[in-house]
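*Asks:* Reproduced below are the annotations present in TrEMBL:
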TRANSMEM  71-90  transmembrane segment
TRANSMEM  97-116  transmembrane segment
TRANSMEM  128-146  transmembrane segment
TRANSMEM  158-178  transmembrane segment
TRANSMEM  184-208  transmembrane segment
TRANSMEM  280-303  transmembrane segment
TRANSMEM  323-345  transmembrane segment
TRANSMEM  352-371  transmembrane segment
TRANSMEM  383-404  transmembrane segment
TRANSMEM  411-432  transmembrane segment
TRANSMEM  444-467  transmembrane segment
Amino acid sequence: MYVEGGHPLAFLFARSAPQAGHCIDKANKTVLKQNQRKAKVDSHRPLEPFLTAFLMGPDKNLTETEVVSKIYPFWTYSYLVLLFPVFLATDYLRYKPVIIVQAVSFIVTYALLLKAENVGTMQLLECFFGLATATEVAYYSYIYSVVEPSHFQRVTGFCRSVTLLGSAIGSLIGQILVSVAQVPLFYLGIITLVSFCIGFVASCFLPMPSKSLFFHQRERSSQDEGALEPMNCSQLIEKPEEPESKIQLSADERTTLKDNTSSSGLLAVLKMLWSDFLECYSSSTLLAWSVWWALSTCGYIQVINYAQPLWEKILPSKDFEIYNGYVETISTLLGAFAAFVVGFVKVSWAVWGELALCIFSVVIAVCVYLMDTIRNIWVCYTSYMLFRATYMLLITIATYQIAANLSMKRYALVFGVNTFIALFLETLLTVIVVDSAGLGLDIFVQFLIYASYFAAIAVIFFIAGLYKLFKRRGSGGQNELTSTETVPEA
């Protein structure tokens, strides 16, 4: 199951407004604190670093084939099927009901996990976990519906920090309880279940928003309208990298947004989404970064999902002490640090973006290859931490490059589409490589394929980078940028 703290759409709307210039009002501070408490509780999952060990250990006695090829794939399938309908339902129901559904789904997932004894029940709980993961987008969407646009960036930083902190603390506590206190994994499951029950109670007390992004709109103030425009160069970056990457709302679109003060119909929303989809992906710059985002996220989630079975194969938890909790804690903090540091790096991504993606994709491919071939648990742990840190660094850059010049609605659309494509590719990979209905390959062969997958991504962007450099040189450097860009922290 996917252990990463945060939804793939966790950056939803985050960069589409200027930085806050004054304090958040008292009412919004209260809402923010409530959401932060819920996020911290929900991300506190001490069992997750030991999930595979729990399933294959004396508590469940499942085999590697049952866990890897028959149970885990159901999360991917359910997540893909539910992502788009949940995305629309989240907006239509105005977030809070979906947040409650998410909390209930997590409770059902871990209740079944503690009680289930057969593969069929485990597959059912994976479906509930897929629902819980798909509905995580409601949490971030809810926050942006109850605070003003000028506070989006600050609020996102708070909530993202709390989520990562909760995930790291949960993993660390789980490891300490296992290694020091010798607590059985079953009781870690109970602690995780209690955390989700507390999160459910907290979600019931959240106020109901009066508006949403697509279906329930209100007359926008001048401040809101400013959020619909691309950011100016004094807010976050010195200058947009390429004119073609700047996707603005036309006057007719702004008029439509202003006039649409009542609930929009489903067909109208779908028509608007399709029109925006065609216009957004007509930008070659946005398309290039989106392609890397979707391809790499597919491979990243696949490696995260099946890293524990690989570690279990190399160092069985039945015979040796494992340190998965420490590894998840350190890798989470390293990833957060990498995402923070990249905010201070000045690089002309319009010129060097593709080659940078190529180089770091090679690093990721090497990490996965070492995990597969060396078969030493310490090499695996180290490679895994470097793998996650590199991905989070790159995904921060890609997220900003995609989102910096989009309106809020188009931001939501583009990242929704990119996530759906990533999950679709992951589903194909799972069906062919992992699922027992497909090839059902050994875990070592799977990771060799994942390493080759990232190597193929590196080749694609190496060719794209060379093509762009030769094209710029052939045009006499007319498109060369005179300024560099600073990518804000994640």
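Here the Cβ of each residue, glycine as well, is placed from N, Cα and C on the backbone.
Any TrEMBL annotation is an automated prediction that lacks curation.
Just tell me what is around each of these and how deep it sits.
*Replies:* The list of residues near the transmembrane segment (97-116) in space but at least 6 beyond its ends in sequence, with Cβ under 8 angstroms from a Cβ of it, reads 38, 42, 47, 60, 86, 89-90, 122, 124-125, 128-129, 131-132, 135-136, 138-139, 142, 186, 189-190, 192-193, 196-197, 199-200, 203-204, 206.
Outside the transmembrane segment (352-371), and at least 6 residues removed from its termini, the chain residues within Cβ reach (under 8 Å) are 288-289, 292, 296, 299, 303, 307, 310, 379-380, 383-384, 386-387, 390-391, 393-394, 397-398, 401, 447-448, 450-455, 457-459, 461-462, 464-466, 468-469.
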*Asks:* So what's near the transmembrane segment (444-467) in sequence-distant terms, Cβ-Cβ under 8 Å and 6+ beyond its ends?
*Replies:* 288, 292, 295-296, 299, 302-303, 306, 310, 313, 352-355, 357-359, 361-362, 364-366, 368-369, 371-373, 375, 429, 433-434
